Amino acid sequence: MSMVDEPLYPIAVLIDELKNDDIQLRLNSIRKLSTIARALGEERTRRELIPFLGENNDDDDEVLLAMAEELGVFIPFVGGVEHAHVLLPPLEMLCTVEETCVRDKAVESLCRIGLQMRESDLVEYFIPLVKRLASGEWFTARVSSCGLFHIAYPSAPEMSKIELRSMYSLLCQDDMPMVRRSAASNLGKYAATVEYAHLKADTMSIFEDLTKDDQDSVRLLAVEGCAALGKLLEPQDCVTHILPVIVNFSQDKSWRVRYMVANQLYELCEAVGPEPTRTELVPAYVRLLRDNEAEVRIAAAGKVTKFCRILNPDLSIQHILPCVKELSTDSLQHVRSALASVIMGMAPVLGKDATIEQLLPIFLSLLKDEFPDVRLNIISKLDQVNQVIGINLLSQSLLPAIVELAEDRHWRVRLAIIEYIPLLASQLGVGFFYDKLGALCMQWLQDKVHSIREAAANNLKRLAEEFGPEWAMQHIIPQVLEMISNPHYLYRMTILHAISLLAPVMGSEITRSELLPIVITASKDRVPNIKFNVAKVLESIFPIVDQSVVEKTIRPSLVELSEDPDVDVRFFSNQALHAMDHVMMSS
């Protein structure tokens, strides 16, 4: 008997499954709510299913979380927006549970529903719900209510608006820190809906109270409010109300609050504007760069380039650069790493002369840092400096350090250098590059780490693309082909991989005359791994050469490999033969 034929069946099964001891069964039942609602129809969903869910007192948070999520997209199943209000009671119940993630999801679903509700329904159903939660006896209800004010306020009648503003003010002064935290966290969204006159008077008064809260967890959320409120206020009001708060926060006794200021600094600067930043926030930022707490210095160091962009070069050199020099020798490696990830971006801000005089020595010291992440962060951004000081100066000052890092004991540093090589090659030019770095490119093919050898093969392909097949034929191919006789089979495999990458770049003639004979010779290797890699290489290069070469040279070699005693060699050679046959048939 189908669900539609027996209308009592879905709700009966749902009730049974929601009361089952097996949590997975209860969870599956909740996740099938939309299916059940379709079977019941809109009217019975409103009349039976939603009230039943409102009475559901499941004590498992996972089930309640799934229910909160499902109800957020349930408007089509209850008959559209005119009946959306029937979904509010079960979500109101979920807003009061103890588990934070359930409450957050219920608030999210209420916001989603509230945005779609008609204004008259918001006044009749949604605003009273917010008021009930805001004046709830249990703190969980009051915490949840803070996230709903920005939906309720715009549609509220004048008298209700007065009441809502008063309620939000009380929530910001609640005895429970969790409620004040929620109020501080949602202040920006709520303030965006309040009329400007009330924003300046009431909301800023609330904000100032939160910034003086005795709990650092409330104050650090108020830091986020600085940026949000700053965007809503007129520039002059922003300087009057927000700027003093930021300056005070940068000296807060709690390092978490100072960390939040350092982390949000660029957004805060945007809020107050460039001129007050230059006059008022530079000393605050310098304090954060020299903070006793390492976490604060890390956050501040990560913003140094963005902050310097707001200032003029002279101010950056005078105030920020001395701090940058100190941070480059900081005792904590994570501080140096955070600085290294952004310091290269200072070069375009400071200009050529200041970069050469002031920044280059810092780059060199960070390139020689004992911590690999610091070196990596500098290497990956070298192109930003090149744009400012030019390749000649860069090669004189930084190239010796790059060559040294190419043999770094940490393989990830060597890998970063390899990935940077094609960019460096295009900047240095063909002659200069090969004189200085050519030997290194070959040396990496015999590295002990597989990832380095693989990257080195890919690097040769990119160099051949950059400088052309003729240059590659003269400088790369002879040295690569010499290495095929290396006694270690892993290095011989790397050469085969390099050949498969170089062949498409080198073209048909060079592949036939220079590369293919080496691959055919390798098919006689005693190591099975080499032989099945030969089959893979032949499969990749047969489309490049003429059909006559395929039939005279490649096919006979693959046929021979397909009769090899090793199962893998037979598999890959047969795969290559099938690929060749398929191409021939289709052409």
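Cβ atoms are placed via backbone N, Cα and C, with glycine included.
Automatic prediction, not curation, is the source of TrEMBL annotations.
The following features are taken from TrEMBL:
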- 358-519: domain 'Phosphatase 2A Regulatory Subunit A helical' (DOMAIN)
- 10-48: repeat 'HEAT' (REPEAT)
- 203-241: repeat 'HEAT' (REPEAT)
- 242-280: repeat 'HEAT' (REPEAT)
- 281-319: repeat 'HEAT' (REPEAT)
- 320-358: repeat 'HEAT' (REPEAT)
- 359-397: repeat 'HEAT' (REPEAT)
- 398-436: repeat 'HEAT' (REPEAT)
- 437-475: repeat 'HEAT' (REPEAT)
- 476-514: repeat 'HEAT' (REPEAT)
- 515-553: repeat 'HEAT' (REPEAT)
- 554-587: repeat 'HEAT' (REPEAT)
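The repeat 'HEAT' (10-48) scores a mean pLDDT of 76 in the predicted structure.
As a summary of secondary structure, the repeat 'HEAT' (320-358) carries 32 helix, 0 strand, 7 coil according to DSSP.
Residue counts for the repeat 'HEAT' (203-241) by DSSP state, with H, G and I taken as helix and E and B as strand, are 33 helix, 0 strand, 6 coil.
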